[in-house]
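Right, one structure below, let's go through it.
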Amino acid sequence: MNRSFFLEETDLTLDVVILLISGVMMVLTGILLFPVTRGAIPYYENGVYGLVLFLFALQIILLGQTPFGEMKRSKPLFCTGLAVASAGIVTCFIPGIFSRLPAVLLFLCFTPGGAALLAHLFLAPGRFRTWARMGGTFHLLWTGCAAVYLLSMLIGVLVLNQGLFSGDETAVTVLVFGAAILFLAATISKIYRKYPAPEGKESESEILSSEHSVILLTGIFMILLGFFLVPVSLGMLPFAGSAQLGLLTVIMALKMISTGNTPIGAFRRTRLVVICGVLFAGLGIVSCIVPGILVSLLTLLIGLLNIFGGIIGLRGTLSGLRKQGRNPVLPVLVRLNISQVVLNLLSIMFGTSMLFPGLLPALLTGLILAANGGVLLYLLHILILLEKMAGKAIENP
């Protein structure tokens, strides 16, 4: 295996990326459940539930794929996905805040959802019957889909009735479920390479692009985290710092694998970048499942990435401003530059507060995070405006 193998660009689609992260999560959860059942390591159930809800929300928001079937991406569906994502985020870092609601939501997504998808697989035209006739890789496709849907139904039952299986039996079931998801992801990726789908254009009037949607989710995460850190700092709410770090790392990994964007800049989506993204996702997943085990490592990692990313971003923005000189600039570009400078400064402050916990009061850290999320959403608003302006310029040259 030579160097060029790792530097070769990948063509992973967004649905494959989400399946990849979901499969890795289930495999790691299954593996970790073995020592958990023996009392060797602690287990944070809400971290698992919150992360799974967040992954379901990603499919809804970015792909229009609900637990009950595929739908056209629309504003109501988009808002539903944001609500599910928010519930998953809060479930992760505020233990017990929703009581049994996350378990009930997961049961509905896994069991009735899996049954609906299984029925659609065998009854809908263009699915099982078509794939069976085509043969080859398409045999693997319907087999993988059926396995995932059947195991999904069983997982949902286990979420509500945890005493149904022994600890080891549950671990094996989750492990096999994760392997089935990874098998399905690999099969879909193989089919996409063999039969590339025509590129479609998303309706900008209805929904955000996938890349903008990820920015929106990151902003919402920061605002929710900052908002809840205020009562947490006052001792009014419990807080799962390990799961919070884990979910943030998973979001970073998603951006890295799907677009090549990292906190320190954008890179080509090479195999090396994808492998690093999967490793990041693995660290985040383990941190969500096992409280405290990776807090020091992820705190150092995220802190340094935010500081260096902020410095690099600040340097790039200021360099661009110097090149502009006194030339007239559109007001929207002025706002873009200001928001980028503020965002980079807040990123540096957040990273510094992580590396030196006593430097800033927890209350102020919460406000910094909320401000970071707010500026990120404002930056998203400006990016959308610039895209619309560019579209109008092309239509009316």
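Residue numbers in this text run from 1 along the chain shown.
Each Cβ is built from the backbone N, Cα and C atoms, and glycine gets one as well.
Note: TrEMBL annotation is automatic and uncurated.
Annotated features, as they stand in TrEMBL:
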type	residues	note
TRANSMEM	12-34	transmembrane segment
TRANSMEM	46-64	transmembrane segment
TRANSMEM	76-98	transmembrane segment
TRANSMEM	104-124	transmembrane segment
TRANSMEM	136-160	transmembrane segment
TRANSMEM	172-192	transmembrane segment
TRANSMEM	213-230	transmembrane segment
TRANSMEM	236-258	transmembrane segment
TRANSMEM	270-294	transmembrane segment
TRANSMEM	300-321	transmembrane segment
TRANSMEM	333-356	transmembrane segment
TRANSMEM	362-386	transmembrane segment
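Here the transmembrane segment (76-98) sits against the transmembrane segment (213-230); at least 3 CB pairs are under 8 Å, leaving out pairs fewer than 6 apart in sequence. Away from its own ends, the transmembrane segment (236-258) comes close to residues 12, 14, 17-18, 20-21, 44, 46-47, 50-51, 54, 58, 89, 92-97, 210, 214, 217-218, 221, 225, 228-229, 269, 273-274, 276-278, 280-281, 283-295, 298-299, 301-302, 305 of its chain (Cβ-Cβ under 8 Å, at least six residues beyond either end). For the transmembrane segment (104-124), same-chain residues at least 6 beyond its ends with a Cβ under 8 Å from one of its own Cβ atoms are 49, 52-53, 56, 66-69, 84, 87, 142, 145-146, 148-153, 155-157, 159-160. Within its own chain, the transmembrane segment (12-34) is flanked in space by residues 41, 43, 48, 51-52, 55, 58-59, 62-63, 65, 167-168, 170-182, 184-185, 188-189, 192, 210, 250, 253-254, 257-258, 269, 274, 278, 281-282, 285-286, 289-290, which lie at least six positions past its ends and keep a Cβ under 8 Å from the stretch. Beyond its flanks by at least six residues, the transmembrane segment (46-64) meets 14-15, 18, 21-22, 25, 29, 70-74, 77-78, 80-82, 84-85, 87-93, 95-96, 102-103, 105-106, 109, 159, 210, 213-214, 217, 240, 242-243, 246-247, 250, 254, 285, 287-289, 291 of its own chain at Cβ-Cβ distances under 8 Å. Below 8 angstroms of C-beta separation, residues 11-13, 15-16, 19-20, 22-31, 33, 137-138, 140-141, 144-145, 147-148, 151-152, 154-155, 158, 165 of the same chain, each at least six residues beyond the ends of the transmembrane segment (172-192), sit close to that stretch. Within the chain, the transmembrane segment (136-160) has long-range Cβ neighbours (under 8 A, six or more residues past its boundaries) at 49, 103-104, 106-115, 117-118, 121, 127-128, 130, 170, 173-174, 176-177, 180-181, 183-184, 187-188, 190-191, 194.
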